[in-house]
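Have a look at the structure below, then the notes.
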Amino acid sequence: MGKFTNKTVDGAKRLFALLVVLILLFSFLAHMFATNFGRVKIEQINIDARGALLDGELYYPVGTSDESSLPAVIVTHGAGCTHKGMNSYCIELARRGFVVFAFSANGSGISEFPKRDEIGAGEQDYNARNTPGGLHDALEFVRTLKFVDQTRVGMMGHSQGSRRTSYAASLDVGYYTLNDILINVLYEEFGQKFTEDEITQDAVALAEERLNEAQLAHFNDIRAEKTAHFDTRLKAALVVGGDAPQVSPMQTVVVGGFEVRRNAQVNLGLIIGDYDSYIGYPAAETTLESWHSDETVTAETWYAIDDVAATGEQLGGFTQISITDNEALHAAIEGRAARVVCFNPEQHATNQISVRSVTDAVKYFEQTLAYNNGELLADGAQPINASSTIFFAHEVLNGLAMICMALMLVPLMVMLLSLKTFAQVKVVGAETKTSFDKKKYWLFGGLMVVIGFAVILMTNRIFNPFLPYFEILPLFFNWWVVFMYLGFMGLVAVAFLAIFYVQDKKSGRPVNFGLKASGKSVLRSLFLSICMIAAAYISLDVIRYLFGEDYRFWNNVFGVMKVEYWWVALKFAVVIFLPQLAINVLTNYTVRTDIPEWKDTLFTVVFSTAGVWLCCMLNVIMLHSGGAALCNWNSAFALVLMLPLTTYLSRKLYKLTGSVWTGTILITFLISWATVSSIGYNTYIGQSVWSTFFYT
């Protein structure tokens, strides 16, 4: 390994080349899993339904043509992420032959806000929690694909995406049954009057009984048109980590002059974590009414609901019965009256990478759209077992590529520092030995673990989706987790540094916080950091161009950025710069020279991050053992991987430059890039000359 080292420029060149090769290798392998080893085609798709770009990816089997007739599923993500956050569901559905369109909602990723969305909401009345967010526009796009069977289209969404799914589904299917629609045709078009009992009778039989020959012929023409439209409405909706606020509660509609209560005319499935706030869905009043049940709805069980008779019948276990051998389930699905809710032992955020939840989603669409590796009802059907998944390998490979990208920055720094342009960045002789003896060193390390635990615990307990919002930083609320954690740790760092300053002064030791640098040196550190970020982003562009992949593991993301997003990222960088500076000073205050450098780096990373890891692990253990959660981790999981990466970079760059400036600036930019590229806007941000000028 002596040839691959950061200690020499030649060694750094070789190490840099090795890490670039690994990035390409991991991204290539990730793409192999995403495409089911070349059997699935993935296209980058940008659509524009109403003067605003929607960014997404379209998956379909290799060899598909306009003669194909395949079921399709539209997939949307939750708050604080983009369509790439739902890769797990897309990969597993696509490898079973479904057409899958995953897109980033309005204001997420590089998708834009239209002047008005599908329900007419815009600048004055936009509410991120109460809008289809482009999902119905995505559905209309899928309807233009000649290889999609328009009678078998489903959609699903996680978290806030589940709310989009609910709104888009209700917007598309409405609450009238086909018989209700035809009764209203007779009532409104032909002037027929009905009793309250008659509106529940077969509209076709009533038409044949009441209309003359010419009227009946006209009625049948209308009937054919209405039936064709009804049959091509959304067939199945799946809500993951949500409660389907527009689908599950019944609504009042008027049929034949009488008010009646109806469900949205779509098959509905729900997948909820055992440790999610939506755990009470089966016993909610609106659930009992819409499922026509007097008792708490039984999980993992197919139901058939009948709004006219006001009955809900249990058909059998979710995985025990199938449309291949249960006619009642098949009839319920064809009648858009099937319901099922599944629970899995997981938290809200882990729905995204849960094998159990992905398995349930595959099983749900297998049944409701009658497809899995071919027609489910065809002779000789060979469905792929729903629990046979490969998506996690894709997730891990993307994560390894991301780690290699972060590691790549260190040898790149060595190479750049060898150039005359950046020679002034290095502060010769500035590095200091630890001022602690070993006992105090380990005491300090232990204290940092305890403090890290306390700070992330406090951050997660304070954090909620309704913290103050600022127009100058229009990001979805997740940014508060990063800001609060860094802010609290920055205050801790300042307190420790004040104590160390006093101790060093009293003992006559020189005080070295790693801040010694000239103004020119700091400016060159800024320029150097910008070059490093540019190199990292270019590497992202390369793997996107070659393989359609990005840098991510679960909620840790370094994703694509629109040009104007860098301005938002710069503002966020300004907000977190000072606390990050204090943290970096404290992190590098104790550089041990009496142990190998790798041990010094390892101990530094562990001291700075172990408290967060322990809090996360303890939270999981308590939940899975039946206890109460310590705190809400849904928006903080990214810190588990981000903190060790940034701490490692902090230490290595300090060792290379002799100051904390370059490391602080680079890490601040990295955190800002990761935050802005993954989160998206919190409120309506209209398009401007600035945003539309640059090519997307």
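Glycine too: its Cβ is placed from the backbone N, Cα and C atoms.
What you see is a predicted model, and the numbers here were worked out from it, not measured in a lab.
Residues annotated as transmembrane segment in TrEMBL: 396-419 (among others).
Feature annotation from TrEMBL assigns transmembrane segment to 440-459 (among others). Residues 434, 481, 484-485, 488-489, 492, 590, 592, 603, 606-612, 614-616, 630-631, 636, 639 of the same chain lie 6+ residues outside the transmembrane segment (440-459) yet bring a C-beta within less than 8 angstroms of a C-beta in it.
When Cβ-Cβ distances below 8 Å are used as the criterion, the transmembrane segment (479-502) is approached by residues 435, 451-452, 455-456, 458-460, 462-463, 467, 473, 511, 513, 572, 575-576, 578-583, 585-586, 589, 635-636, 639, 671, 675, 679 of the same chain, each at least six residues removed from its ends. Residues annotated as transmembrane segment in TrEMBL: 479-502 (among others).
Within the chain, the transmembrane segment (522-547) has long-range Cβ neighbours (under 8 A, six or more residues past its boundaries) at 20, 23-24, 27-28, 30-31, 401, 405, 408-409, 412-413, 416-417, 421-422, 424-425, 558-561, 657, 659, 661-662, 665-666, 669-670, 673. Positions annotated as transmembrane segment by TrEMBL: 522-547 (among others).
The transmembrane segment annotation in TrEMBL covers 567-589 (among others).
Within the chain, the transmembrane segment (601-621) has long-range Cβ neighbours (under 8 A, six or more residues past its boundaries) at 444-445, 448-457, 460, 587-588, 592, 629-631, 633, 636-637, 639-640, 643-644, 647-648, 651-652. Positions annotated as transmembrane segment by TrEMBL: 601-621 (among others).
The transmembrane segment feature in TrEMBL is assigned to 627-648 (among others). Long-range contacts of the transmembrane segment (627-648) within its own chain (CB-CB distance under 8 A, at least 6 residues past either end) are made by residues 80, 275, 347-349, 399, 403, 406-407, 456-457, 459-461, 463-464, 477-478, 481-482, 485, 553-557, 587, 601, 604-605, 608-609, 612-613, 615-616, 618-619, 667, 670-671, 674, 678.
Residues 79-82, 85, 104-105, 107-109, 113, 406, 409, 413, 425, 474-476, 478-479, 482, 486, 513-515, 517, 521-522, 525-526, 528-530, 532-533, 536-537, 555-561, 565, 568-570, 572-573, 576-577, 580-581, 584-585, 588, 638, 642, 646, 649-650, 652-654 of the same chain lie 6+ residues outside the transmembrane segment (660-681) yet bring a C-beta within less than 8 angstroms of a C-beta in it. Among the features that TrEMBL reports, transmembrane segment is placed at 660-681 (among others).
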